[in-house]
Each structure stands twice: as structure tokens, then as C-alpha cells.
Amino acid sequence: MINKILSTKNLSLKITITLFVVSFLICSLIYPGFFSWQNFFNLFIDNSFLLITAIGMTFVILTGGIDLSVGSVIAFVSMVIAFLLQQGLNAFIVIPLGVMIGGCFGAIMGLIIQKFKVQPFIVTLAGMFLIRGLSFLISVESISIKDPIFNRIANYHIPIAGGAISVNVVLSLVVLALGMYLAHFTKFGRTVYAIGGDEESAQLMGLKVGRTKVLVYTLNGLCSGLAGVAFSLYMLSGYGLHAEGLEMDSIASVVIGGTLLTGGSGFVFGTLFGVLIQGLIQTVIMFQGTLSSWWTKIFVGILLFVFIVLQKVISNMKTTKNEFNN
Amino acid sequence: MAAAEPIIKMAKIEKSFPGVKALQQVDFELAAGEIHGLMGENGAGKSTLIKVLTGVYKADSGQIFLDGRPIRIKSPEHAQKIGISTVYQEVNLCPNLSVAENIFIGREPIKNGRIDWKKIKNEAETVLDKFDLKIDVDRKLSFYSVAVQQMVAIARALIISAKVIILDEPTASLDTDETNKLFEVMRQLKSEGIAIIYITHFLNNVYEITDRITILRNGELIDTCLTESLPRIELISKMIGKDLEQIKEMENYSKNIGENNKVLLKAEGLASKGNIEAFDLELKEGEVLGLAGLLGAGRTEMVELLFGLNKADQGRIIIDGKEVKLNSPKDAVDYKIALCPENRKEAGLIGNLSVRENIILALQVTRGWFRKLSQARQLEIAQKYIDLINIKTPDTEQLVKNLSGGNQQKVVLARWLAINPDLLILDEPTKGIDIGTKADIQKLVLELASGEGMSVVFISSEIEEVTRISQRVVVLCDRAKIAELTGSEINQKEIMYRIAGGEA
Ligand SMILES: Nc1ncnc2c1ncn2[C@@H]1O[C@H](COP(=O)(O)OP(=O)(O)OP(=O)(O)O)[C@@H](O)[C@H]1O
Ligand SMILES: [Mg+2]
């Protein structure tokens, strides 16, 4: 058992989880009132949209790609939702529409990346500018959401363990479960890993590389569309400047969660902890009271450095010698 | 044999790459239940023919028939779907996935809407059992040696219930035992009516296993013959287009080196725990030292210590009479030691750089990046080695990834020759290289040794090759040096006997 825990298999995932648990406990000791279920739930409530989009991002990064457009998609979707609700459309039409917009946008970028063999970095960078710009075509002002149904959903609380969680949390956990299932138990998911390992080999092994890559960006689009919905529920407004830089938080969550930026290795489950650790840092800084919120960025930056170096060390550990080498 | 309708017929296939006509008007037929050898020199077009057949490349013209019906094969995936299963020349698997998954990916068994991992594991173990390969199938593929990876690739090809199985140089990194296992499995598949295309440079293998042989040369079809009615000499002359004088001539090469040649490098009690047990070694100037032993015997581990790739935890190395520490390859290169490693994919051959850039790379590194070689000098060096070891490329600027497998191997060799080392370590340098060039490389090694006084350590799984060029042979077994042979002791029988564990 001990050996199993200490083995290098999934080591960076284990480290991430340990880091989270230990820091949470330490903070509980330092700050009175920190340790409560509600405070723990708040991590989920305040970061559910990040978790949703980071799960999509995990798939993209597992293939060795990247998607910089997610923050913009979230802003655009929040804008469309707020605008259409303002026009009196039914929330149950607007919500799926928001998700679909993200999906379509992802699919288009995926097709461009695949068909024209363009770097995902470039395509999604263009997408990032384009779609954030589009949000301002709808309105340059923030539009607040007054729709009663939408507000009911946003304010609905599900009581649990003496505290309460929002609909968003349930949404994000469902996405997490689906993501884990997709990644580890479906052909699609395994092809994603194979592509990240060696795309050319995957092709020669007869895997559906092209289709899978397009699907991965579509999936990520759907996730960011849904994150847009969650974000609108959280903020109750649509605004072109919403979720600025969220793509970077999302990428950071994935990396801290133990997924290699070069692709082919990582866990969807790890991404949850990448998100939680970032949330924890924010909460701590709030509790601390005197530090400015920029410290969040500083800590996340340091963590990223540490984790990237750590991953390198672990992967070096693994490649040193083995009994079957000649 | 060719009585029935062939399963596959390729007619008048043409394929050109910029500057190269890889295939010209090639016809090829494959009958059910036959093992068909595809032979030819490096760059003859064998792999290209396979890639056209399996949809990796689109032919410029020509037709393919499957069971008599014309078919257009669009992709490797499509090829698999219609029952053609292929092991390409370079191991093409995913290093980040487990062994078991590499065997099954793309056709995972599904139970209750999920991949049935347990079944994958069990079945993977069963298939590998056929090859007596008892390894942990849950481990990542990258954890294992090239030979194991090769077996895994073969296992993958075999579990697809295919009509046609294509093996492009599957035995290049396998030892005799493993090759025999493969042949057993191939014979069984053949008896089930499956057709197999088998590409290799080993003549013995071809004669042992194939029913027919098709010979390509410079992208042209030379002949298709029944194996039993094709004498070896004829096969070779068909492949290289000239007679065998050149190869014979080499047999007479003098292998005498002066008894009193200076000692270049001496290792005393060198060892690395878990990799190789303590050994002594002495290398004279102008000497070729052969390392023989089975896969996993510790040959690579031994030379890794001499090249600073691995640190010794006891013993010492003495070069030119002075004790030295080799902590990294950089140190070794400073002492003018070069190692040409076994696996060209890992050897740092950079596919997206040109032949010239790859050849001058090591030389440039030893000079430091601030003293860049002039363009003219680079060209000169590249051209020199292209001519010297006969690298088949349209020009110095061709990207290495576009060369045939054997020619890529030659580029690795050229890179290390270019730094003009005192001690050249060659780990399986002739793997995947056709016999004509193999002879050229062997000759070159002898020339470098006797002519320029270079010391060479030569690792090869082909015992015959080791005996042909070495003045001294060190035999390894189970990660330990077990014997050192000289003079008349150097013969195949003796070496085999030692490897098998016999005492003198
Ligand atoms: N993608 C490519 N681009 C350009 N040239 C290529 C490409 N692939 C192969 N060639 C050229 O086509 C010719 C045939 O190559 P091929 O790989 O079929 O040889 P081969 O018979 O398999 O040789 P080997 O025994 O070395 O594997 C070579 O001259 C090679 O340089
Ligand atoms: Mg080839």
C-alpha cells in the first residue's frame, strides 16, 4: 500500500492532491473560521465555471494542443445570454443555445487546425480576439440579467452537509464525471492520449486522428459554452470584458493538475485539484486580508514553475534505465 | 502458388517524391497463404511500396486490386478496416501508453459502455506469451527496449484478424530466439491462409521463411521468383545490380595490428550497479573490438559507461595513461570518443533538419556554436560522407525524415565520423542496412582502424559480422563480461558456445 502510494505512477497527481489537502489543513489551523464545509463548498461555487472550461482544456492539452479562446467564448456566451434574455426569450432556449455557440465555435477552430494543419496556438489566438470583439458588437456596456427563471436557477441552493451548493457546482461535477469517463473509458479518450503521445504513430496505427482532433476542440468549445452559462449564472450579467485571462487560469489548472503541456499524459481528475488549489489561494488571500489580489497571480505563477520542473524531474526518473534495455 | 486469384494485386504503381522516383511501374502480387519476401537495397522503394498499399501515400498512378476488385485505399485506418495490418519500419506506437493499450488501441473491447481494461490486460498477456515475452503489460511502452517495442508492434499487427499482414523489417532489432518465435507465429498464420509480406535485409531469414521473393532496385521491379529456385548469389546480384567481387574482396582484409600499438583506453574494474558488473577492458590504437552477446547481455550498458551516458559507481577509466572522469557525453566527446547509438529515433537524428545539418551537428557542438562552420565547409563535409558511405539522397539539403530507413542510419554514422574521433563506438551500426552497404561500412571500419589508427568498439547481434571485422571479441552474458577472445578463437562457433554459457 505504502509502496503503491509512493510509486512514481501518477506521482504528480498524488503530489497535487496532497498539496491541496495539506494546504487546506494548514490554513484551517492558521485562520480561525476557515475550516467549514461551506468554505470548502465555496471553492467549488466560485470556481465551477473554471472547472468546466478546464476539463475541456485538459483534453486539448492532452492532444498536445492549446486553446486560447475559452475566456473570450465565455464572455461572448454571457453577452448573448444576457441580450437574448433581455429581449424576452425563454431561459430554457437561451441556455442550450449558449452551449451550442461554444460548440460551433470550437468545431470551426478544430476544422481549421486539422484541415489546414495550422498551429492551434495561432488559430485559437485569432479566435480569442475575434470572438471577444464580437461580444462588443452586441453591446459595449454590461447587460444585467433580470430574467426571473434565470435568476431562480442562479439563486437555487441545494442544502448539503450543513451548507449549500449552487446549480453550477452540480453542473461542473457532472462535467467532471463525464470528462473522466470520456478520457479513460472510451475510444475517443484513448485516441486523445495516443495523439498526444505520437501523432504520426497514431495515424499509422489506424486511429481516427483527424476526426478526434476536431472533436476535441468541439468538446472544449462545448465546455467553454457551458462555462459561459455557468459564468452568467454566477455573475447574472453579460459583458464583453468578462472572464478576461480565464484561458490562462484554465491552462494553469490543467498543468498544476498534472497534465503535461506536451500532451499524452495527465488526468482529468487532476484538473479538479488544479482548480481547487487556485481557488484555495484566492480564499487564503481573502482571509489574510492585507494582501492585494495580485498575490494570487504570484502564487499561481510560482506553483506553475514548481510543477513544470517537478514533471520534468519525474519523467527523467522514469526514463533512467530499465531491466529490458539492451 | 500463384494459381489462385491473388488477394492483392498492385499494377503499374508510380510514386515520386521531389527529386526521387521512388517507384516506377511496379507490379506486385500477393497470394493467400504465402509469405512473400520484399528485397532491395536501402532506398530501393520497399517501404514506399508498403505505404502506397496501406494508404499512407497516394500513388501518382497505378491501380490496386483487392480480391480482384479495384480499390482505392485512403488511409492506414481504411487499410486496417479491409484487413491489411502493418508493422511499419520504425516502431510506430505510442510511447506514453501502456504495452497492453498499444496492442489494443483502436479496437478495444467494450463492456457496459466502457473499455474493458481487464480483458485488454489479459489478452495482451496471452498474445505476448506466444513470443515468450513475460513483461508487465501495464507499464508504459517507453519503459522497454526497442526489441520489446518491436515485439509489441508485431503483436498488435497479429491480433487484428487480418487477411494480409505486412512486416517492414520486423527482425532488425530482434535476436535469434525472438526471430524464431516470430517465424513460428508467421508459419501458423500462413497455415490459416493469411498472406504475409515480409521485408528484411537478412538473407538467412528470407530463405528460411519466404515462399516467393520480389526484388526492387532503384524503384523498379526487377523480378519476382520462387524462393527455392533463386540461388543466393543471384538474389544478391539482382538486388545490387553487380556481382559480389566487392564483398569477397573484403574477406582478405588484413586484421593484423601491431602487438605494440599504444593502449588508448583502459578500464579497470568499471561497474554500474544493476547495469553491468565490474569489467576490465583495454583498447589499443587501431584496433577493432567486437562486443558479442544476446540482447540484454549488457553490451549497450558497457559502452554507455565509456561514453559518460551512465556513471560508473566503481572502477576507473584511463585514457592515454591518465585517469579521467567521464561524467557526461560532453566529457567523452572532449576526449575524442564518439558513440553512434542503436536507436536512430532516440539517437537525436532530427528528421526536420537536412542531411547536411544532421551530419555536421556533432562537429559543430564540439567546436561550440560561436564558431560556426562556414556554409561551404559544411557542404564539403556533408558531401564527403554522403559519398564515403554512400548515403542515398538527392542532395545535401534533403530532409532526413524523407530518407529511407537504412539511409537515416547512415546519416547517424556520418555525424559521428565527422568529428574524427580517436575512439568510435558503434552500437548496431548495420541494423537495417542492406548487404552491399553493410559490407561498405565494415570495410570503412577496418580502413579507419588500420589506416588512421582509430580504435573502434563494434556491437552487433550478427555474430558473423563481429567475427569478420574484430581483432578481439568480448563476450557478454547476463550483464557481465564473461570472455575475451583473440586470434583463432574468433569464430562463430566459439562465440555462440560462450554466449550459451560454456567455459573454455
Ligand atoms: N516522404 C518522402 N519524401 C521524399 N523522399 C522520400 C520519402 N519517403 C521515401 N523517400 C525516398 O524514396 C526512396 C525509397 O525509399 P524507401 O523508404 O521506400 O526505401 P526502402 O527500400 O524501404 O529502404 P530501406 O531498406 O533503407 O528501408 C528513397 O530514395 C527515399 O529517400
Ligand atoms: Mg524501408
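Here the Cβ of each residue, glycine as well, is placed from N, Cα and C on the backbone.
What you are looking at is a predicted structure, and each value in this text was computed from that prediction instead of being measured.
Taken verbatim from TrEMBL:
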- A:12-34: transmembrane segment (TRANSMEM)
- A:40-61: transmembrane segment (TRANSMEM)
- A:91-113: transmembrane segment (TRANSMEM)
- A:120-140: transmembrane segment (TRANSMEM)
- A:160-183: transmembrane segment (TRANSMEM)
- A:214-236: transmembrane segment (TRANSMEM)
- A:256-281: transmembrane segment (TRANSMEM)
- A:293-314: transmembrane segment (TRANSMEM)
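Among residues of the same chain six or more beyond the transmembrane segment (A:256-281), those with a C-beta under 8 A of the stretch's C-beta atoms are 10, 12-13, 15-17, 19-20, 23-24, 27, 43-44, 46-47, 50-51, 54-55, 57-59, 61-65, 176, 179-180, 182-184, 193-198, 249, 295-296, 299-300, 303-304, 307-308, 311, 315. Counting Cβ pairs under 8 Å that are 6 or more residues apart, the transmembrane segment (A:40-61) and the transmembrane segment (A:160-183) reach 3 or more and are in contact. Residues 46, 48-50, 52-53, 55-57, 59-60, 63, 65, 67, 69-70, 73-78, 81-82, 95, 98-107, 109-111, 113-114, 120, 144-145, 150-151, 153-154, 166-168, 171-172, 175, 182, 188, 192, 242-243 of the same chain sit 6 or more residues outside the transmembrane segment (A:214-236) yet have a Cβ under 8 Å from a Cβ within it. Between the transmembrane segment (A:120-140) and the stretches A:12-34, A:91-113, A:160-183, A:293-314, the greatest number of Cβ pairs separated by less than 8 Å involves A:91-113. Here the transmembrane segment (A:293-314) has long-range neighbours at 8, 11-12, 15-16, 249, 252, 255-256, 258, 260-261, 277-278, 281-282, 285, meaning same-chain residues at least 6 beyond its ends whose C-beta is under 8 angstroms from one of its own.
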